[in-house]
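Taken from Swiss-Prot, the feature ATP binding site covers Ser374, Gly375, Lys376, Gly377, Thr378, Gly379, Lys380, Thr381. Marked as compositional bias 'Low complexity' by Swiss-Prot: 34-58, 125-160. Summarising the annotation, Swiss-Prot assigns compositional bias 'Basic and acidic residues' to 190-199. Per Swiss-Prot, compositional bias 'Polar residues' is recorded for 277-296. Taken from Swiss-Prot, the feature domain 'Helicase ATP-binding' applies to 361-534. The motif 'Q motif' annotation in Swiss-Prot covers 330-358.
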Amino acid sequence: MCEKAKKLVIGNWKDNETDAEKVQKKPFLKGTKSSIWGSSASDISGQSRSLKSSSSVLSSKFVTKRLFTIQHGIEGQKPNFKIRSESFSGPHSAGGFSKSTRESRSKSRSMGNGKFRGKSHLRSSSESAHSSGSESSSSDSNSGSSSDSDSTTGSSSHGSDTGERPRMRSAVFRIHETWQSPNSFKAVKTSRENKESRSRSSSLPQKRFCPSKTQNDLTYGSPEPKSPSNRGRNSWRVGMRTPWKKSQSRSMSCSSIQKILVSRSFTRSRSPHRNTLCYQDQSKNPSRPSNYNTWKQPMDEVYNNAANYRKRHNITLTSWNMRNLPEPVLSFERSGFNATILQQLEDQGYDGPTPIQAQTWSIAKEGKNIVMISGKGTGKTLGYLLPGIMKMHNQRGLMQHKKGPIVLILVDCREAAVMVQREVLYYTNPLELRTHCLLGNSQWQGHAECDLLVASAGRLLQMIDNKKHVVELERCTYLVLDNIDRMIDVGLEGNICRLLCRLRPHAQLIVSSTSWSSNLKRMANKFLGQYTAIRVGEINNIGVRLQNIRQRVEVVNGLSKVERLMKELTAIYDTSDIPGKVVIYVKRQKVVEELVDLIRNCVPCEGIHGGRTAQENQGIIHDFGTGAYNIIVATQMTSNCLDVPGIRYVINYDFPDNIDKYVQRMSRTGCLSYNRNCEVISFFTMANYKLVTEVVDFLKICKQEIGPHLLQLAEEKMFGPRQRRRHRPQRYNRMH
């Protein structure tokens, strides 16, 4: 090859151009249409380029390029066009591709500067002999060879193709890389690709063929996300690349719908970079199963038994992950407890777990946080106690260097702590576990190392705040808050929050309550994290046993409540000499003392409240249970301590602040009294006017009789004009 030919391949024009070269170079200027796409084979051969021969004639070198198949020119002949840089020593073979040397490859990499885009010769193999004969003549005329399909000039497009073609970054891509053919999307592997491992080029990596977006994809695109602006459209559906027409919904047959499904383009994702998921016609391949069948939930025997059990006992589960919830324990043998605990359960005469126990035991063994919501007397104590004892028994040998209990149970009052401690001792003594009960007046024994601690919430939280007593909770991994709704009502929410911050980060929390109030929901979302709520009974906190209690709400004047109370007591004692036990609820301790002095003039009576010591209250409750007196006056604080059978009448002298407390008073007296003939009498005044609609709705749900005065107040609140408060003058700080 002559020096001029090598410079043409490299694309670096160092010699001065002659006038003939400038004239022949004009067809390559921007805006011209000198291209092989619009010319015949004879025109291509006539426009062949002739170069001056040099003294040192190089051997013929071919620069391999993609083989184009274009149907035009001589009839019945498919000319194969090749891009080559050749010497003019003689004819060459028309078939196959010749390999380029390492020198030509290294020189061709320097053509990426954009000065000359490598206008190479496209020659037909059928006219190679004619062109080789004219190679000996040293002509300075340059043929108007066609530019590449990837050229940036305006002449890069032929007559039928008017679209712009992408621009190649380097001459390496031009000589050794393949590009997309206008008639095909197949790539031809060149010798460059076959010997890719031998190449040590520092240029950009080879860009293999990747199917780009077609015109259909650009037209329809990926399904747009659903938003208020396109709510009525059908194109937001996931998996549909084209919108579904509403007219096709009913007027199309199954075969036509199947054809449309085959013709449509379904995708795995909205991302355009994901591969398409094609669906084939099932009629052509009947052995292949359908790919778009929906997943069916397994309906095995275990699942059916668990679902029927929950439906039969009205168990409602609420969790962050409903798929991994275990099935309820239907018998003691499947609970996973050791033989000692099973023997103790059999000795007490239990036949099987209660609904709240069956569902709580299976979830508590997995270490999840639980909220237990059920009425009084449903077995919540054993529901959280037995899993805690098993966890304490398994972790007893661990963390010997740390102090504090492994299981901590907090209750709302002293009497409840005594009851829980009695159950704890019955199951822990055979296992030789150390337990301790911290009551109201007892002192903290720092040297007493216990595995399980039962304490009243007020006393323990008071000792934590006191710097004289150091409460160690390093080993505590199981915390129970029994009757947390009562703790929140008393005002211990802030202290409970400080207690939870002192626990280990992975401690398991069990919360039990008789109601599901808004305060409890807020606290559970704040501290329990991904908890599971187990609810047994009606959603509106009304059990079947509460519906059997007769309820009567009387609208009275606040000044005449004492007279109305005496009339009710007189009517009760007139029916029988032994009418049954009566509990009167009030709000303040002062009112307790006043009513006790008034009623004591007629019949024996006593009162309990938080101002008295625990021994005094416990003695009064014991005498009330034995029958020393049948009337007792109590506050809301001590309502949980009245676990006495035989209570028949409950009088709400002061109506509670909300419906939840109203239900608690009934559940802790009427249901625990084991007396179905219990009656609840409530005095409703204008001070409770804001609760009138809730009270009426509650009575309607319980199917109770509603007085006309109460209905009138409810209608006035709902439909009457809104009453404004009287103007109260503001009090300013005056300087005297």
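Cβ coordinates come from backbone N, Cα and C, glycine included.
Projection of Swiss-Prot feature records onto the structure.
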residue: Ser374; record: ATP binding site; contacts (Cβ under 8 Å, 6+ apart): Ile356, Lys380, Thr514, Ile534, Arg535, Val536, Gly537
residue: Thr378; record: ATP binding site; contacts (Cβ under 8 Å, 6+ apart): Thr354, Pro355, Ile356, Val536, Gly537
residue: Gly379; record: ATP binding site; contacts (Cβ under 8 Å, 6+ apart): Pro353, Thr354, Ile356, Gln357
residue: Thr381; record: ATP binding site; contacts (Cβ under 8 Å, 6+ apart): Met419, Val420, Glu423, Asp482
What is the one among the binding-site residues Lys376, Lys380 whose Cβ has the most other Cβ atoms less than or equal to 10 Å away?
Lys380
Count, for each of the binding-site residues Gly375, Gly377, the other C-beta atoms lying within 10 angstroms of its own C-beta, and report the residue with the smallest count.
Gly377
Over the domain 'Helicase ATP-binding' (361-534), what does the predicted model average in pLDDT?
82
